[in-house]
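All remarks here apply to the structure that follows.
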Number of protein chains: 2
Amino acid sequence: MKRVDVALIVLKFGGTSVGSIERIRNVARMAMAEQQAGNQVVVAVSAMSGETNRLVGLVEDLTQFYNKREYDVVVSAGEQISIGLLATAIESMGQKAKSYLGWQVRFITDGSHSKARIKEVEAFRIQADLDAGAIVIVAGFQGVDSHNNITTLGRGGSDTSAVALAAALKADRCDIYTDVDGVYTTDPRIVTKARKMDRISYDEMLELASLGAKVLQTRSVELAKKYSVPVRVLSSLEPGSGTMLTKEEDTMESVVVSGLAYDKNEAKITILGVPDKPGVAANLLGRLGDANINIDMIVQNVSPAGDATDMTFTVPKADFPQAMKVMEDAVKDVGARQLQGNSDIAKISAVGVGMRSHSGIAQKMFKALADEGINILMISTSEIKISVVIEEKYTELAVRALHDAFELEKDPSDRINA
Amino acid sequence: MKRVDVALIVLKFGGTSVGSIERIRNVARMAMAEQQAGNQVVVAVSAMSGETNRLVGLVEDLTQFYNKREYDVVVSAGEQISIGLLATAIESMGQKAKSYLGWQVRFITDGSHSKARIKEVEAFRIQADLDAGAIVIVAGFQGVDSHNNITTLGRGGSDTSAVALAAALKADRCDIYTDVDGVYTTDPRIVTKARKMDRISYDEMLELASLGAKVLQTRSVELAKKYSVPVRVLSSLEPGSGTMLTKEEDTMESVVVSGLAYDKNEAKITILGVPDKPGVAANLLGRLGDANINIDMIVQNVSPAGDATDMTFTVPKADFPQAMKVMEDAVKDVGARQLQGNSDIAKISAVGVGMRSHSGIAQKMFKALADEGINILMISTSEIKISVVIEEKYTELAVRALHDAFELEKDPSDRINA
């Protein structure tokens, strides 16, 4: 139940923020300050930085083919340590605190060990502690399935834990503290004049997150959108108001292009001369699905001669050798003409909810790239994004050129839109 | 329910036995060998050696006055790591294994964080896995209270976990693997000809355990006695049949003196001229209880003059300074004459169920010490033990003299009993 008299705030801190005793004390102070400002405070934390890697290393020293149930048992110990330490730190400073593991809250997940999905969060136990004046510390990244087996949510899962908790508690705000001070128009390491956005819509963030901007885990943004959780991304190291994720209706205006993302972790596979018969495409892609390889972009041209077509798709770079092997057999089986692969590619994406109502964005994008002599290998569009695949070596050049072309360094109201 | 067709065995391994990846593999092989011999196998394990100290260190780096609930959350992560790794090791060798945390089994304890006592063990979940052919790995040292808070049993608590589990499962045997190959007539580091015992009764072991022979945690022996669990103590490093703990009825004969224990961790406090009035002793000892100081031996002489008496008791050496402080005030308040303290003492105890039916043991003990010129400062006896307090510097000399006097190096049937 939402309280009208007092705000409830969920804070989330990653491994770097709790990476040492001194940093844990710092997080304790930040949580206490939020409470002293009159709020009820829940803190979701990751394992101390390095700890998860240490635990994964122990498992992998035993075997590369580990049982995932037992992997989850070992790895989830990391957050157990950090929540107990943070609660201890707060208690030692004279404030009430109580820690909860995933199974104590409880975070009910499906049974997919090492990449489980949250089905339900039971938050009533926490609410009772909050009402009694305690700061509640919750282990991120972990839950239990319906048989009480420990599960983990996959790397970066603590963001999702925090947002799920905020949704279940109907929190007034969910502050995700990271090592950056907000969401930028693009990677500031590439474009020095990249601008921090004050607000961004869930949909835009979703495209940026899934397209390689590593600020928030994609699933956490999906969840925030679904339950309209007011999420704020901000730095635990320097002060600032960060970036607020909001519903589209709540943004001041529909920005044509909000930000640019890039992703160097894909590879491209092209099959030439695919017989243009029903079921052939499904056959080809189905073989990749059977091999547990995800496909991202898919483009297929209309058949030039009427009886065969060319198909291109992208897969994660790590799966590229296996995908090529699977496709070699497939090409023979379906009678396609030729197989080509290229792992030296990058995907550049422009994202913005305003694209819906503005024409000319694609042209502006293609022209900016052409002016720099960058060839476009593949194009894919959705309602609020345009992605192009280019040669990997042009990544930084392309991002800078597009940042200039869309005037992303300027405040949105000062831009000359296409 | 006990199976008649197949034996159920609980194995317990301490931190040293699972202290590295290679040692975890070794424990995995031992558990699998027991299963291949036709048994159902449950393994209780401690945290990897050094891990508990590391976790306690993190808590103590934050504060010396930690919240014990949160201490238990942090420290219990140690066994979580070791059970997951052991199950992973067994699975990687092709055998089914499944790990259980304290709350999953469940070990229900009282709410005394950091020194909880087991109230109940629910073992039916484990039995189902055993019947399905899995080796079950259980975290020692930990449980949950009735509110689902994590608790720990105190240092050495894994022995107690193993025995409680064996009792709940009505196991045919509980093998406690340690770094010694059994229970000896006394410390082999002091008496080189000390003899390993094949069998010892629960009561004798209880006296030896609580008197400073550090093989088994006292509570685990109490539990084994209460539920008649056949416990065997043996080495995880070298082969051997170890020492079997049995009911007294099951021992071949009632040995007069089974073993000798010594304890250098106590200090002695004497109060001279205590007014011989009802309630005065209770007043003095009650003040120590209020200060959470345990008292071990207490002796009080009859009042020589009829109006005052002398009282001597022992306390843990670590509590000696505080106990003296408490007693300084007490002595004034009750009008006693003088306070004396001595922390350079040792307690030597001879234990044997045969004492009940044999006279002369005390005389033989006192004579052997007198022959070496060792003065006895305090004497205390129970049904199956005699303890004497002597100056600490004579400890080794006294233990050797008594080992000779009682002929403990010989097989019990070859001894000339007193």
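Even glycines carry a Cβ here, placed using N, Cα and C.
Predicted automatically and left uncurated, TrEMBL annotations should be read as such.
Per TrEMBL, the feature ATP binding site maps to A:K12, A:F13, A:G14, A:G15, A:T178, A:D179, A:Y184, A:R189, A:K214, A:V215. The C-beta environment of A:T178 (ATP binding site), restricted to residues of the same chain at least 6 apart in sequence and closer than 8 Å, consists of A:G14, A:V215, A:V233, A:L234, A:S235, A:S236.
Positions annotated as substrate binding site by TrEMBL: A:T52, A:E79. Following the DSSP three-state reduction, the secondary structure of A:T52 (substrate binding site) is helix. Within its own chain, A:T52 (substrate binding site) has A:G15, A:S46, A:V75, A:G78 as residues 6 or more apart in sequence whose C-beta sits under 8 angstroms from its own.
Sequence annotations record features per position, and here TrEMBL assigns domain 'ACT' to A:269-353.
A:G14 (ATP binding site) has a Cβ environment of 21 other Cβ atoms inside 10 Å. In this view, A:K214 (ATP binding site) is surrounded by 12 other Cβ atoms within 10 Å of its Cβ, with every protein chain counted.
The record assigns A:K12, A:F13, A:G14, A:G15, A:T178, A:D179, A:Y184, A:R189, A:K214, A:V215 to the ATP site; their largest pairwise CA distance measures 25 Å. A simple way to gauge crowding: the CB of A:K12 (ATP binding site) has 30 other CB atoms within 10 angstroms, across all the protein chains here. A:Y184 (ATP binding site) counts 21 other C-beta atoms within 10 Å of its own C-beta, drawing on all protein chains shown. According to DSSP, the secondary structure content of the domain 'ACT' (A:269-353) in residues is 30 helix, 31 strand, 24 coil. In the three-state DSSP assignment, the secondary structure recorded for A:E79 (substrate binding site) is helix. Looking only at the domain 'ACT' (A:269-353), the predicted model's pLDDT averages out at 88. The Cβ of A:E79 (substrate binding site) lies under 8 Å from the Cβ of A:V45, A:S46, A:A47, A:L101, A:G102, A:A139, A:G140, A:F141, A:Q142, A:S158, each of which sits 6+ residues away along the same chain.
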